[in-house]
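First comes the structure, then the notes that go with it.
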Amino acid sequence: MPSVPLRVALAAAVILASAVAPQAQDGAERPAWQGHGIKPQSPDSPFDQVVSGLYFRSKETQAMQADDFNNPGFLAVEQGEELWSKVDGAAGKSCASCHNEAATSMKGVAAAYPKWNEKLSKPVNLEQRIDLCRKGAMKAEPYAFGSPELTAMTTYLRNQSRGMPVAVKVDGPMTPWFERGKALYYQRNGQLDLACANCHEKNHGKYLRADFLSQGQSNGFPVYRLRDQRLVPLHERMEGCMQDVRATPFKPLSDEFLALETYVAWRGLGLPVETPAVRN
Amino acid sequence: MRRQIHALAVAGACALATTAGAETGSGGLAPFRIVAADGTDAIPDSLTDKAGDAAAGAKVVVNRRQGNCLGCHQVSSLKTESFHGEVGPSLDGVAGRWSAAHLRMIVVNPKHVFGEATVMPAFYRIDGLSRVRTEFQGKPILTAQQVEDVVAYLTTLK
């Protein structure tokens, strides 16, 4: 995020928070998320304003995300940068052998993921795209989902799009995946019988016990979670949300999560990529 | 409208009384009947033989692994507990708004009272759910006695 709007945002947050001080959350300052959104880019959007998860977090967390030197997620950006030019695999290549400078070749790329893959005849997300290159061009072992390497590379590549608008395409062959993701988003699951939409569409801007509910946007992922002290990829976050309603989560990189990732990205169309975001 | 149904039939869309009897016995739910009172579904009879214990109910309301009602609701008399949610309305004075029979219905399956779109979970229902984690399958969120304790507690919120 550029620093000027953020400073304005913080000032506004202070004013609004005191105006609507919550009775239920003594001591805690209510994040003032209204007014920090963008106009929905699609007439089908369920939102009046599309708001990054950033503005649903505390002032301290927002400030930490905005300061590249204090943002712990940048350790992963640096790790990803090292891996970018590290030769690995039987072909004796690194990412840089094919793509040169990530700052130019990867600018804006991640903002358009998940993206249709003609060869596989299905969409792939960024993690899957990275491993396709490793297996194919590099003849290297694919990184496992959740490995520090895959998350660092994902974070590094997403960071090359920082500030650029989320620009996922959901037309053409992506349409059935979009539709499937939408159905899953409204599907109630688990013993608590709750859908993504029950929390993130209907109830964002409210406390769910100690958690201040956001719109569940994906523009900041992978996010650095202060609680876990590491970067958390999107599919792990979605697993967590499903666990919380006592449901069996879909598997990371499953078709279900791929469809959901596509649909969730569409819900955040136009939001700036903020990777690495910081969350509590 | 007056219906005689068992819990298993009640829990899903009411028209689909399919699984009744499939899970009676130790894993099953206590049977109960739903009647319309003042035009709204209600469960007039206790689910158990033992009277509800309001003090025990207050603990269930607070406990994050049990009712966790404070996840969504505020209760002024439980102010010593931190973090009351805002997804549902305050439960202050709820006994003045609903009879015990209606409160029991709301806790057992609030869809009967608020409609299909309600966010509030059904605390005494095991069918019509999707992808329930293995450890929770075939079990309601609360036991019949916990439901009675919670209802007893709610009736004190005058």
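Any Cβ shown, glycine's included, is placed from N, Cα and C.
Note: TrEMBL annotation is automatic and uncurated.
The heme c 1 binding site annotation in TrEMBL covers A:C95, A:C98, A:H99, A:C133. The C-beta environment of A:H99 (heme c 1 binding site), restricted to residues of the same chain at least 6 apart in sequence and closer than 8 Å, consists of A:S105, A:M106. Classification of A:H99 (heme c 1 binding site) by DSSP places it within a helix.
Applying an 8 A CB threshold to same-chain residues 6+ apart, the list for A:H200 (heme c 2 binding site) reads A:L213, A:S214, A:Q215, A:G216. According to TrEMBL, the heme c 2 binding site annotation covers A:C196, A:C199, A:H200, A:C241.
For A:75-161, the entry in TrEMBL reads domain 'Cytochrome c'.
The DSSP breakdown of the region 'Disordered' (A:27-46) into helical (H, G, I), extended (E, B) and coil residues amounts to 0 helix, 1 strand, 19 coil. Per TrEMBL, the feature region 'Disordered' maps to A:27-46.
Annotation comment: TrEMBL describes A:1-24 as signal peptide.
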- When a 10 Å sphere is centred on the Cβ of A:C95 (heme c 1 binding site), how many other Cβ atoms does it contain? 25
- Counting only residues outside A:C95, A:C98, A:H99, A:C133 in the same chain, those with C-beta within 8 angstroms of the heme c 1 site's C-beta centroid are A:K93, A:S94, A:A96, A:S97, A:A137, A:M138
- Query: Rounded to an integer, what is the Cα-Cα distance in Å between A:C133 (heme c 1 binding site) and A:C241 (heme c 2 binding site)?
  - Reply: 30
- Out of A:C133, A:C196, the listed binding-site residues, fewest other Cβ atoms within 10 Å surround the Cβ of A:C133
- Message: These are the binding-site residues: A:C98, A:C199, A:C241. Which one scores highest on other Cβ atoms within 10 Å?
- Response: A:C199
